[in-house]
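Pulled from Swiss-Prot, these are the features on record:
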| type | residues | note |
| --- | --- | --- |
| DOMAIN | 65-223 | domain 'CP-type G' |
| BINDING | SER114, LYS115, THR116, ASP117, GLY166, GLN167, SER168, GLY169, ALA170, GLY171, LYS172, SER173, THR174 | GTP binding site |
| BINDING | CYS247, CYS252, HIS254, CYS260 | Zn(2+) binding site |
Amino acid sequence: MKLAEGTVVGLIAGYYDVETAAGIVRTRARGVFRQKKQKPAVGDRVEIKIDDQGMSYLVKILPRLNRIGRPAVANVSHILLVISAVEPDFSLELLDRFLTFFSWQKVKVTIYLSKTDLLKGDKLAKIKEDLAYYQKIGYPVFTDYHDVEVKIPQMIKEGQIWTLAGQSGAGKSTLLNHLKKDANQVTGAISASLNRGKHTTRKVELFKLGEGFLADTPGFSSIDLTPIKLNELCNYFVEFKRASSKCKFRGCQHLKEPGCEVKKLLEEGQIMQHRYDDYLAMRTEISEGRLPEYLK
C-alpha cells in the first residue's frame, strides 16, 4: 500500500485521471466524498492510495485556491480570455463582465482578440484602440495569433493551471488545437441565428503546456455577477481600485460623492467612459438581482 499526490487532469464516466510523478493513474473516488457532498474537480491536487494489487483510490482533496466554471476547474492560476473581433461581434460589455468576474475570483487575465483576419480597416483599428486602454490598466493583450502561439507557453510557469474562457464561438477550442496539437477538441460552426457559437466542448481536460497546464472549458456568453456584494463591485475594476486611495471618503462608490478621484479621472479622459457606464450597469444588475436583457 502506498500514497501518491498528483493533479486531476481528466474526468470521464466516474473515473479520474491523475498525473503523478510516476505518470498518469486512472482512479475512482472513495464514497466518502459523496457522503460529504464533495466532488473532485479537474485541476484539484489530490492524494491517491495504491494497493498491492495495483488498484487505486482517490482518498483526499488537498486545499484549493479556487474552483471556477461549470464543469469546474480547480486551482486556476490565470485565465486566457478569448474575445472575438467578429462572429460573434466584439463586445466591450462582455469583456468587462468577464474581467470583473475574474477579478472577483482573484484570478489574473490575459486577453486574446481572435478572428482579426475576418475584420479589416477602421473597425479593427477601433477595437485595437479600445484594447490599448485595457493594456494600459494592466491586462496583457494579444491581437496576433502567432504571438499567442509563441508567448503563451513561455508565460505558463511550473505547476500553473491556465484556463481558456470567453464567449461561445470565439475560437477557444480552435486556439487550443493549435497550442496543443493532440488536444482533439471538437470545433464547431457559429449559430448564425443567435450570433453565438454552439457549445462544442463537452468536458474539461488539462493539457501540458509550457511548464504547467492549459484547460479548455465549455463556451459561455454570460457571467452571473449577482453574487458580488454591491459595495465591493468597484474594487473589481482595477483602475477604480487604484484611484480610490485618493478619494476623499473611504468606501467611495464613485457615484455622486464629493472628492471622488475616479470621477475626476473620468472627466479628464484617463478612465474610459465605457468602463464607467458598464460599472453603473453592473450596479443596477446586482442591486436588482437579475441578468440584463441582452444576456437572457
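Every residue number used here counts from 1 along the chain in the order it is shown.
Note: Cβ is positioned from N, Cα and C throughout, glycine not excepted.
Sparsest Cβ environment among the binding-site residues LYS172, HIS254 (other Cβ atoms counted within 10 Å): HIS254.
In the three-state DSSP assignment, the secondary structure recorded for SER168 (GTP binding site) is coil. Set side by side, the binding-site residues SER168, THR174 differ in how many other CB atoms lie within 10 angstroms of their CB, and the most is found at SER168. Mapped onto three states, the DSSP output places SER114 (GTP binding site) in strand. Note on proximity: among CYS247, CYS252, HIS254, CYS260, the binding-site residues of the record, the Cα nearest ALA170 (GTP binding site) is that of HIS254. The maximal spread of the GTP binding site, taken as the longest Cα to Cα distance among SER114, LYS115, THR116, ASP117, GLY166, GLN167, SER168, GLY169, ALA170, GLY171, LYS172, SER173, THR174, is 19 Å.
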